[in-house]
Amino acid sequence: AADCNGACSPFEMPPCRSTDCRCIPIALFGGFCINPTGLSSVAKMIDEHPNLCQSDDECLKKGSGNFCARYPNHYMDYGWCFDSDSEAL
């Protein structure tokens, strides 16, 4: 079994040095590794995180932007909310 602990980057491929683990971002470039067996808790955490998203509509509902930018990593099932009019882009 993979050791799904520690810090990670959502840009790492595979995240957490194993395809059995997932990286949950807590900031745009950093996060923590988890074992995806607890998917309901992961889904809840994504729902509650103000910037994690799976769609533009989700960003609008959360009030954290109007564009869900997907991570360029096929191991990541979500993206980060941005305001498309933002200077940050």
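Each Cβ is built from the backbone N, Cα and C atoms, and glycine gets one as well.
Per Swiss-Prot, the features are as follows:
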- Cys4-Cys21: disulfide bond (DISULFID)
- Cys8-Cys23: disulfide bond (DISULFID)
- Cys16-Cys33: disulfide bond (DISULFID)
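Distribution of Swiss-Prot features across the structure.
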| residue | record | CB count, 10 Å |
| --- | --- | --- |
| Cys4 | disulfide bond | 20 |
| Cys8 | disulfide bond | 22 |
| Cys16 | disulfide bond | 25 |
| Cys21 | disulfide bond | 22 |
| Cys23 | disulfide bond | 24 |
| Cys33 | disulfide bond | 20 |
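Cys16 (disulfide bond) falls within a helix when secondary structure is assigned with DSSP. Spacing of Cys8 (disulfide bond) relative to Cys33 (disulfide bond) is 6 Å (Cα to Cα, whole number). Here the Cα atom of Cys16 (disulfide bond) is found 7 Å from that of Cys23 (disulfide bond).
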